[in-house]
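Below is one structure, written out as structure tokens, with a few remarks after it.
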Amino acid sequence: MLHLENIRVRQGSFTLSAHLTIAKGARVALMGASGSGKSTLLSTLSGFLWPDAGRITMAGADVAKTPVADRPISILFQDGNLFPHLSVFDNVALGIRPNLKLGSEDERRVTRALTQVGLEGMEQRKPSALSGGQQSRVALARMLLRDKPVALLDEPFSALDPGLRREMLSLVRKLCDETGQTLIMATHDLRDAERLCDRVLLLDDGKVVLDAPLAEAVANNAEPLRPWM
């Protein structure tokens, strides 16, 4: 389980406050208007920001005291953070070997990750030769390769057209089914959340104003969620 124990994160005049538990294998939609604290929360979980108070624990260990590279958390950003001068294979391999010095088992793992996301045969292409959906698959393969128990998705597919978004969300759902990863996805789109997630956390001005099973919140027309319905 992932515990956020009375955390408080200050960013200038903005303060994020949260106290919650996320069960292993949960798929959580993190929603809220721009500036509500979604990115601040994800940045804190991933180690880019430090809590000013409280702590984050997973399996009893204080996440903040763990070196970023060793944290049980990986993150997928909207732009994918692909390196244009590197091949698809090397972009994925960076997930486990930043120096790209791979052993034979590393190479097998990279190949397996590319196969899992449907990119076999494209290993030597450069990102510029790929479609937007294929680039998203490269970034997803890199996150998958890191094999962390918690995956954070910061609006990773928002730049894709609706059809490609559905395709990518279906792929993420399939991979989560296979790996049992805990997933937290920031999104502005309730339909995307419904395709992938079973729980919704809605932020407003740095505070959690709704924490509920997603299907139940939608069925009950939960007031904080109405602007997204």
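Residue numbers in this text run from 1 along the chain shown.
Glycine is treated like the rest: Cβ placed from N, Cα and C.
Annotated features, as they stand in Swiss-Prot:
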| type | residues | note |
| --- | --- | --- |
| BINDING | Gly32, Ala33, Ser34, Gly35, Ser36, Gly37, Lys38, Ser39 | ATP binding site |
| DOMAIN | 2-229 | domain 'ABC transporter' |
8 Å Cβ shell about Gly32, Ala33, Ser34, Gly35, Ser36, Gly37, Lys38, Ser39 centroid, ATP site members excluded: Thr40, Leu203
Neighbourhood of Ser39 (ATP binding site), C-beta criterion under 8 angstroms, separation at least six: Asp154, Ala186
Densest Cβ neighbourhood among Gly35, Gly37 (binding-site residues), 10 Å radius: Gly37
For Lys38 (ATP binding site): DSSP state (helix, strand, coil): helix
For Lys38 (ATP binding site): intrachain residues, at least 6 apart, with Cβ closer than 8 Å: Leu30, Met31, Gly32, Asp154, Ala186, Leu203
Overall pLDDT for the domain 'ABC transporter' (2-229), taken as the rounded mean: 89
